[in-house]
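Have a look at the structure below, then the notes.
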Amino acid sequence: MGKNVVVLGTQWGDEGKGKIVDLLTQDAQVVVRYQGGHNAGHTLKINGVKTVLRLIPSGMLRPNVTCYIANGVVLSPQALLSEIKELEGNGVNVRERLRISLACPLILPYHIALDKARETHMGKSAIGTTGRGIGPAYEDKVARRALRVGDLFHRDRFANKLTELLDYHNFVLTQYFKQPAVDLESLLDESLQWVEELRPMVCDVSACLHEHRKQGENILFEGAQGVYLDIDHGTYPYVTSSNTCVGSVINGAGFGPRYIDYVLGITKAYTTRVGGGPFPTELLDDVGKRIAERGQEFGAVTGRPRRCGWFDAVLLKRSIELNSISGLCVTKLDVLDGLEVLRIAVAYKDRDGNILSRPPLAADDFNDLLPVYEELPGWQESTADVTLMSDLPANARAYLKRIEEILGIPIDMLSTGPERDSTITLRGPFL
């Protein structure tokens with residue numbers, strides 16, 4: 001009997017999911033993306049070669065893995081075809097192993113135009129989106145007016161829906177945001193190319209996944225972003241437009257909850273965040289700069305610098321509860337090498353001195369909170385590329401053990417560098 005494993009980020013994304021998914025695909029026959037879009041970049045480094053995947057599941061770099069983009073993903077045909085051609089240029093056979101749900105909502109040029117226009121209009125109050133049309137595409141989905149992949153293969157239906165939808169969005173673009181309209185005819189012409197390229201790859205993804213399950217194959221579900229970017233459970237409104245928690249597997253891939261065997265939560269040994277929004281443990285001093293430099297903390301898609309801070313156990317506890325996380329994978333432990341003192345946030349304190357053990361539910365409610373830290377000694381030895389727990393410095397092992405004690409959950413994997421082999425596996429999710 002096969003196992004079904006979910007890998008998701010427990011913080012604000014950028015936790016290193018791509019490398020871990022790629023590593024775990026040695027035991028998987030199927031890898032599935034189930035939410036988000038091409039706003040999330042998963043960075044892989046294999047034999048010194050760096051690859052950034054945005055839409056295509058990380059399992060694509062394993063020759064025997066079938067990859068699915070499920071219905072919970074908002075899909076930009078332009079971005080997908082560009083990514084396919086980039087991988088094919090590097091010798092990866094994509095089209096024979098990639099399948100796309102007919103029910104994926106499409107990201108079209110007017111979504112991108114709206115996204116950028118809104119961010120510009122909001123000025124200093126901007127959310128800090130990637131400007132790739134993700135939010136507006138999900139808005140169309142929820143408003144029940146989205147064009148989906150399946151519509152592309154019915155020309156008259158697609159043209160009629162697009163004409164009506166573009167009238168609406170162009171009105172907003174031109175009249176409210178004072179931006180140029182998106183041209184209907186050029187978009188219709190471009191969509192003809194998408195039809196021919198996508199046709200061999202589309203299917204009913206949910207039905208295919210259940211066939212794989214019945215055949216006893218191992219299935220890996222690859223999450224994008226992180227728990228605190230979830231539209232419902234994140235630091236609203238500084239969130240993404242999709243559900244990033246484990247429940248999104250059920251809706252976003254059509255896969256029943258009782259079939260999930262293991263949930264692996266990915267967390268950095270510290271905390272990072274891109275864009276605006278609350279960040280209780282953020283470091284604005286030389287330590288924060290040092291972590292950012294050593295960790296090369298720049299967004300894989302946007303190149304924007306990431307904000308860096310201490311490990312926040314308050315946030316992690318809630319992530320574990322929300323997602324029934326089975327075990328953790330701690331990444332970038334080596335970035336902390338050489339620090340004299342490490343801190344873990346174990347609670348928050350409000351302006352009246354009250355101690356809070358859980359994070360608030362709205363971004364504004366973080367404003368007056370300060371982290372309550374527990375200090376631990378750092379280590380001077382290198383942890384880079386260590387592959388055995390016993391070879392880690394004593395203080396590094398103590399740091400990890402304390403995280404386990406605070407969170408009440410095991411650390412099953414550790415990443416000590418960007419390469420596949422720079423990993424310590426204590427308990428494999430598929431075992």
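Backbone N, Cα and C atoms are what each Cβ position is placed from, and that goes for glycine too.
Residues annotated as GTP binding site in Swiss-Prot, with sequence analysis given as evidence: 13-19, 41-43, ARG306, 332-334, 415-417. LEU333 (GTP binding site) carries a helical DSSP state (H, G or I). Less than 8 angstroms from the CB of LEU333 (GTP binding site) sit ALA269, THR383, LEU392, ALA396, LEU400, LEU414, SER415, THR416, each of them six or more residues away in the same chain.
What Swiss-Prot lists as active site, proton acceptor is ASP14, and the listing cites sequence analysis. Mapped onto three states, the DSSP output places ASP14 (active site, proton acceptor) in coil. Every protein chain considered, the tally of other Cβ atoms within 10 Å of the Cβ of ASP14 (active site, proton acceptor) stands at 27.
Positions annotated as Mg(2+) binding site by Swiss-Prot, on the basis of sequence analysis: ASP14, GLY41. Secondary structure at GLY41 (Mg(2+) binding site), as computed by DSSP, is coil. The local packing around GLY41 (Mg(2+) binding site), expressed as other Cβ atoms within 10 Å of its Cβ over all shown chains, amounts to 19.
The IMP binding site annotation in Swiss-Prot covers ASP14, GLU15, GLY16, LYS17, ASN39, ALA40, GLY41, HIS42, THR130, ARG144, GLN225, THR240, ARG304.
Here Swiss-Prot flags HIS42 as active site, proton donor.
Here Swiss-Prot flags ALA300, VAL301, THR302, GLY303, ARG304, PRO305, ARG306 as substrate binding site. Annotation note: ARG306 (substrate binding site) sits in a coil segment as assigned by DSSP.
Shown are the binding-site residues GLY16, GLY303, PRO305; the one with the most C-beta atoms within 10 angstroms of its own C-beta is GLY16. Using CA atoms as reference points, the recorded positions ASP14, GLY16, THR43 were checked against ARG304 (IMP binding site), and the closest is ASP14. With every protein chain in view, the residue among the binding-site residues ASN39, GLN225 whose Cβ has the most Cβ partners within 10 Å turns out to be ASN39. Mapped onto three states, the DSSP output places GLN225 (IMP binding site) in coil. Spacing of ASN39 (IMP binding site) relative to PRO305 (substrate binding site) is 15 Å (Cα to Cα, whole number). Secondary structure from DSSP puts THR130 (IMP binding site) in coil.
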